[in-house]
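Read through the structure below, which is laid out as structure tokens, and then see the notes.
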Amino acid sequence: MTLVSFFSFLSKPLIMLLSNSSWRLSQPSFLLVGIPGLEESQHWIALPLGILYLLALVGNVTILFIIWMDPSLHQSMYLFLSMLAAIDLVLASSTAPKALAVLLVHAHEIGYIVCLIQMFFIHAFSSMESGVLVAMALDRYVAICHPLHHSTILHPGVIGRIGMVVLVRGLLLLIPFPILLGTLIFCQATIIGHAYCEHMAVVKLACSETTVNRAYGLTMALLVIGLDVLAIGVSYAHILQAVLKVPGSEARLKAFSTCGSHICVILVFYVPGIFSFLTHRFGHHVPHHVHVLLATRYLLMPPALNPLVYGVKTQQIRQRVLRVFTQKD
């Protein structure tokens, strides 16, 4: 299934739902400002964003291709990595094309339903990425703490079920976002001070009651991120405890190195995301263009950097990438 057909497959049920006659489809289109206050510099800002998007496309497609073509990589660690790469492709492609169009060719208008669909994709796949990071932490825990039972605990059937749980969780928890927004009335300006349809930026434009929208958004952020970070923390606490019992510093270092790439990916995803979330909701003295830059780059940095992290720090991936690009025939 291609990326375009995947978008179409997931979008059709949402479009049908949003097209229901009970929805306020008379709402006008939104206008995406881009980076407020930096209009004269937007072409230059688009350059690093375009580079990040290109890195995300090339890197994640390469990861998927290598894992797909090499049967020796059809193990839990690499299957979870392929899930992460697929999610990153969708996440980056949900944000970057429209953001770049706004910054480069001033295509500011975005349809009401298209805006809600983009918002759903961004938040749903961010939730899925967080879920996959939890699954990867579980994989590292089993590999280090129960190495003899790793293949029996995390066999392909279990991995498939974990992937399905991650997918369903992301869809079910985030589908209320566009549904709740569809009940709001936008009777004033519909100018979004972002380069994409950010949830709270759209909620703030409504002139009807938004308490439920705000409460649900905050609850989902705390629930998803809070529980996922807790699960990852517990996994690594057990890993640390097990590694410290390993005799010999070299053996301990080798055990830690197997977790290095995953820890880097966790930091790349959660640290900027939590910082962006906190500054957006509580950083009232932070300039708005800083909010927008943080939020936009946060959505593109993990998809761009994750393949580089795994390419550099994972020997099997690195060797196969070099083999692909150095083949004579």
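Yeah, the Cβs are placed from backbone N, Cα and C, and that goes for glycine too.
From a predicted model like this one, the values you see are computed outputs, not experimental measurements.
Of the listed residues (Asn20, Asn60), Swiss-Prot tags Asn20 with N-linked glycosylation site; the rest carry no such note in the record, though that does not show they lack it. Membrane topology taken from Swiss-Prot puts Arg140 and Arg252 on a shared side. The disulfide-bonded residues listed here are Cys115, Cys207; among them, Cys115 has the most other Cβ atoms within 10 Å of its own Cβ. Cys115 (disulfide bond) falls within a helix when secondary structure is assigned with DSSP. When each of 118-138, 215-235, 256-276, 292-312 is scored by its Cβ pairs under 8 Å to the transmembrane segment (44-64), the top-ranked stretch turns out to be 292-312.
Helix, strand and coil counts from DSSP across the topological domain 'Extracellular' (179-214) read 12 helix, 2 strand, 22 coil. Long-range neighbours of the transmembrane segment (215-235) within the same chain, counting only residues 6 or more positions beyond its ends whose Cβ lies under 8 Å from a Cβ of the stretch, are 123, 127, 130-131, 133-134, 137-138, 140-141, 173-174, 176-177, 180, 199-200, 203, 266, 270, 273-274, 277, 281.
In the predicted model, the topological domain 'Extracellular' (277-291) has a mean pLDDT of 70.
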